[in-house]
Amino acid sequence: MAKDGFELYRYTPELGASILFTVLFAVSGVAFVILLFHYSVKSKRRVGSLMKSQPVLRYYGTVNLAGAYIPFIFGCFVECVGFAFRCKSSKDTTLLNPYIIQTVFLLVSPTLYAASIYMIFGRMATLLFAENLMIMPARFNTTIFVIGDVGSLLLQAIGGAMMSKVTSASSGSHLVTAGLFIQIAFFGLFIINEVLFIFKMSKKPTNVSVRYGSWKYLNIALLVNSFLILIRSIVRAVEFIQGYDGEIASHEWYLYIFDGLPMFLLVLIFIVAFPLINIFRIHEESIQAQQSARFDGTDYPDVEVTSIEEDLASKSE
């Protein structure tokens, strides 16, 4: 129990499972950092070579593309820290700080994965010249979803911290539930956006999408990961609706089956798929398609810009 007599856990956290997931997320985070660095450097050289033959194209800077994966990396290490502090709690369930850290970190880490998914999808649609196929204006698409993601993150973080005290546990639970429902709402809208994007693209393909098919596999990977986060968030929302004495909160296996495992599968999909389908590859294919379109006389929109960042900035003026 905590100092005020409030019982932090309804069970004693399993040490073995906590260690396993701590190691899995730590190794995954390090592995992805290495992959990201390798493919960023490789893509920069490749794009530089392509641009020599036709420099006036629509493109992203390498740092901007790599930046879409940064929240994902933070998510891996935040998840790692969360499970590491569950190891601490397994030895003494009355310690308050480990409880707060593991609660908050395990709650908010999926919002970091979500931020990367939003940004990768937005960049992919822009490189495909298919912004008009999204359900909201391209300039605001990623921003709106990320704002919702940040709002969800803050509510869950604040609520998770408040749950450590008996006097604020109920209010904290309500905040976490609200944050989870915001996440569910935005993610539900985003999944609809992804699915509609696939159907619209099949009926109205762009010059990039008809020349290369990598974007389809990247979008499928993003869609699968989106469903993993959605399922996890729904279960966690039910947990907090049931309350402290509910079925889910009273049994640790729910945390691993419906939170730890789905989030590790998400991370695994990112890592395994990355060498084959990533935003750097879409970027290179977009440049090649633009060059081919210009050389063979195909009509191609918005090519006469030096970068996507400058193009979008000019449109907002």
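Cβ coordinates are placed from backbone N, Cα and C, and glycine is handled just like the others.
Quantities reported herein were computed from a predicted structural model and do not represent experimental measurements.
Relative to the membrane, Thr167 and Gln288 are annotated in Swiss-Prot as lying on opposing sides. Taking H, G and I as helix, E and B as strand and the rest as coil, DSSP gives the topological domain 'Extracellular' (164-178) the counts 10 helix, 0 strand, 5 coil. Residues in the topological domain 'Cytoplasmic' (121-142) partition by DSSP class (helix H, G, I; strand E, B; coil) as 15 helix, 0 strand, 7 coil. The DSSP breakdown of the topological domain 'Cytoplasmic' (200-214), given as helix, strand and coil counts, is 10 helix, 0 strand, 5 coil.
Using the rule of three or more Cβ pairs under 8 Å, pairs at least 6 apart in sequence, the transmembrane segment (65-85) is not in contact with the transmembrane segment (143-163). Contact between the transmembrane segment (179-199) and the transmembrane segment (100-120) holds: at least three of their C-beta pairs are under 8 Å, each pair 6 or more apart in sequence.
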